[in-house]
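Encoded as structure tokens, the structure appears first; notes follow it.
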Amino acid sequence: MDNSTDFNSLRGLSVFLLGMMGSGKSTLGELLSRRLQYRFFDTDILIERVAGKKIREIFVDEGEATFRELETQVLAELSSLTKTVIATGGGMVLKPMNWSYLRHGLMIWLDVPLEILVKRLKQDTSRPLLQSTDLDSKLELLLEQRRGLYAEADLRIVVSDLDTPTDIVEKILTAIPTVIKDFHPERDHN
């Protein structure tokens, strides 16, 4: 698929990648932004810049509620941009206010099976919500809490263990034109 077709079909609309931690939002966001010739932002990195500390430190020092507030502030700023791919935090969908910002763009859910998430996150010590707990059970609980919210996305991309990041980006680029025609004019930001 050629880049100009992808770019034109989006008409400058930003793309929000949604999904669980470990679903590949940051990696895929960078690749997708290059293919679309868009800018790329990762909300977790921006939150760390705004707070002047790592996410884990925000959770420890100030709690999850403060982190979620920072997350909303960053999302509010990003939602006004066009031609941008945004990797969101896994819990971005939990706060109702965030949906008003997410609806400014095309929301894509990276639906990764629990077994793959567990495999990817087993050695990751940087995720505050996974500390001092049974990884499988915690991820299963988080996924159950969030699955219905993720399903509100405009597009669902099912990821398998065999998919490379490039394969997944190709799935996204192929699927975008199937949902763009269904957008309401008030959602199309040129």
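Yeah, the Cβs are placed from backbone N, Cα and C, and that goes for glycine too.
Among the features that Swiss-Prot reports, ATP binding site is placed at Gly22, Ser23, Gly24, Lys25, Ser26, Thr27, Arg127, with the record citing sequence analysis. In the structure as shown, the Cβ atom of Lys25 (ATP binding site) sits within 10 Å of 28 other Cβ atoms.
According to Swiss-Prot, the feature Mg(2+) binding site maps to Ser26, an assignment based on sequence analysis. DSSP assigns Ser26 (ATP binding site) to a helix in the three-state reduction.
A C-beta separation below 8 Å, combined with a sequence spacing of at least six in one chain, links Arg68 (substrate binding site) to Gly91, Leu94, Lys95. Residues or ranges marked as substrate binding site in Swiss-Prot (evidence: sequence analysis): Asp44, Arg68, Gly90, Arg146.
According to DSSP, Gly90 (substrate binding site) is assigned to coil rather than to any helix or strand. Cα proximity to Asp44 (substrate binding site) (within 10 Å) is found for none of the binding-site residues Gly22, Gly24, Lys25, Thr27. With respect to their backbone Cα atoms, Thr27 (ATP binding site) and Gly90 (substrate binding site) stand 14 Å from each other.
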